[in-house]
């Protein structure tokens, strides 16, 4: 019975995925993922990126966000990306494959960033989901805390932070923590984000000194 349930669930997901208008548009435009549209909507409202910026992209694979950011920061900008999964090379993107939770990977990422502070940190990281919130939410919150720690290390004063968060236990505390570090904080649910998903995006601008 369990196998049948998993099979039915997988079939529903595949049907939903391939009938999704954003998946279809991404395929037509040659984009790496539908996440491109989420970031485009956020950029239209919040103007996180400008030409020449240096951006850190956490949870980057397959590259939808890096692909979008590259169009906004131009040839003089720089993207340092990291993911546990592989990602095909992209012009203007310095990609590190590894588990961001491991100290050696984090150190390698910091070395790639170098001495200069960055203007934006974005995180689309998410754990492998089990479907059980009591298991998934703590794993997700651990990742977003690490992303915020990265901001503390590398984000310049006045810099911006965008992070995907799954609503649940720990969300309100995390939001308060971000508000203490940034001058303006908003919560976004882009149209391209599936309605049934717990995910929202916290947009934090103007890192405080």
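Along the chain as shown, the residues are counted starting at 1.
Cβ atoms are placed via backbone N, Cα and C, with glycine included.
Per Swiss-Prot, S-adenosyl-L-methionine is bound by 63, 65, 99, 124; the candidate from 46, 83 named for the same site is 83.
Within its own chain, residue 164 (active site, proton acceptor) has 59, 123, 124, 125, 126, 144, 199, 200, 201 as residues 6 or more apart in sequence whose C-beta sits under 8 angstroms from its own. Of all the binding-site residues listed here (83, 99, 124), the one with the fewest other CB atoms within 10 A of its own CB is 99.
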